[in-house]
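A short write-up of the structure that comes next.
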Amino acid sequence: MVDGNYSVASNVMVPMRDGVRLAVDLYRPDADGPVPVLLVRNPYDKFDVFAWSTQSTNWLEFVRDGYAVVIQDTRGLFASEGEFVPHVDDEADAEDTLSWILEQAWCDGNVGMFGVSYLGVTQWQAAVSGVGGLKAIAPSMASADLYRAPWYGPGGALSVEALLGWSALIGTGLITSRSDARPEDAADFVQLAAILNDVAGAASVTPLAEQPLLGRLIPWVIDQVVDHPDNDESWQSISLFERLGGLATPALITAGWYDGFVGESLRTFVAVKDNADARLVVGPWSHSNLTGRNADRKFGIAATYPIQEATTMHKAFFDRHLRGETDALAGVPKVRLFVMGIDEWRDETDWPLPDTAYTPFYLGGSGAANTSTGGGTLSTSISGTESADTYLYDPADPVPSLGGTLLFHNGDNGPADQRPIHDRDDVLCYSTEVLTDPVEVTGTVSARLFVSSSAVDTDFTAKLVDVFPDGRAIALCDGIVRMRYRETLVNPTLIEAGEIYEVAIDMLATSNVFLPGHRIMVQVSSSNFPKYDRNSNTGGVIAREQLEEMCTAVNRIHRGPEHPSHIVLPIIKR
């Protein structure tokens, strides 16, 4: 029996296999016997529980309802011992922590996990460790392939904004974790705060690999991430994705259309859904905003994911899999999506949607597509004549990131108006005619472009945009391909200047109804900064080059019957 009261034990030290002790706080209900347990592994300070938990659940309700909650500082941070090296020790530490919990008299042998972002990644690491008592996980906005998200991406470009912003945040935690203050701590803290306040400025420093503060505080940032642009063995050794195929651990996966992890959240759902009770919730959210309210686009009160709703969903999921309450998820859909445009939630039976019609929309035009007032067109018919749109990509003047799946760029993520970049000559715009009927796009989006460049390496970007009758051009999803990685992320190969290549761009996913009076637009360019690092166009080691060593590229998008550049939209007709 549980009466709603609970006790707290702080800084209980849990031994790992190498003798390092990790600190946990125990929130235990006043119960007559052992209870199910929920574990959170947190690199952001377990004492600051309500700051990060507002993005997930009101977990104290779990405790009041009879669950014990264990919150742990990950290795090397705050009250835990050891050295913090991102991701490297987390699987073993999760396994050891779970084993310790299962040995405690107050645990009934059933453990679950929940949490957002890094806290979600630690759940996948725990799940693949194979500890039998882990009965369910609820990773929100997380990844099982850390190369593809958050540090690089499916196109091979460095997610420099995410890397520098997150590293600066972790750096502040490392400083405050120290038991003995150092003379340089105050100045270091101020510099880290400056990075967080101006990530674009920090990303503009060249060579990018010369980040003395981050390199000193978190050598992993340079040694593992920046200096390993290929998806090599060092990345594959910490990737979990290939191990998910046989995973039977039930998973409640939460994602956001404007979150940098959305592609990997959806990919992990597909990977585990056949062997486990996998549930998926996707809203119009970014990594730091679950309200559905943004400066350029408001989705209404229905888009807000209130803590209570998330808590209720999580509790039902854990009741089913930790307590064996078979009816706890009765009436709960396998997939729940927020469909933008009509701004409504919709229940689905699967992802991808079974009735998806993947439809090519071809780039065309009566003239040059440069700027939004150019002659670029978008239609389901291939243009009858061959043509090419040309622009200059200058790394010293990259196209600025406007909204989208940014993580730390001063909160400017989410559905942003793209009009501020429409007058740039290096932004090609291809638009449909004004729509007379609604067009629903729900699913993964990709582009197949025929491109050439004067450089031996460069980038190409593609962005899907909803153009409103009032002129707003709201971005929905986007992607990038680094030409050296056009064939494989493992073995880069440069291109021949002037030769035409067909490339695929993974633009992640969205769910949006383009309403009558709107237009569908595709924007193509060669940079999206600081979301991604700038390609130097030299074919060299980009992170080790000075800005003065970089060069301007003449880039072309070829279109027509011989080179049918197009975007593939997942059309839903109902």
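Glycine is treated like the rest: Cβ placed from N, Cα and C.
Here is what Swiss-Prot records for this protein:
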ACT_SITE  Ser117  active site, acyl-ester intermediate
ACT_SITE  Asp259  active site, charge relay system
ACT_SITE  His287  active site, charge relay system
BINDING   Tyr44, Tyr118  substrate binding site
REGION    1-144  region '1A'
REGION    145-240  region '2'
REGION    241-354  region '1B'
REGION    355-574  region '3'
Between Asp259 (active site, charge relay system) and Ser117 (active site, acyl-ester intermediate), the C-alpha gap once rounded to whole angstrom: 10
- request: Pick the one among the active-site residues Asp259, His287 whose Cβ has the fewest other Cβ atoms within 10 Å in this structure.
  value: His287
- prompt: To the nearest whole angstrom, what is the C-alpha distance linking the residue listed as 'active site, acyl-ester intermediate' and His287 (active site, charge relay system)?
  reply: 8
- request: Would you mind reading off the Cα separation of Tyr44 (substrate binding site) from His287 (active site, charge relay system), to the nearest angstrom?
  value: 15
- prompt: For the region '1B' (241-354), what are the DSSP-based totals of helix, strand and coil residues?
  reply: 33 helix, 31 strand, 50 coil
Message: Under a three-state reading of DSSP, tell me whether Tyr118 (substrate binding site) is helix, strand or coil.
response: helix
Query: Long-range same-chain neighbours of Tyr118 (substrate binding site), Cβ under 8 Å, sequence gap at least 6?
result: Asn42, Pro43, Tyr44, Thr74, Ala142
Structural state census, the region '2' (145-240) (DSSP three-state): 58 helix, 0 strand, 38 coil
- prompt: What is the number of other Cβ atoms found within 10 Å of the Cβ of Ser117 (active site, acyl-ester intermediate)?
  reply: 26
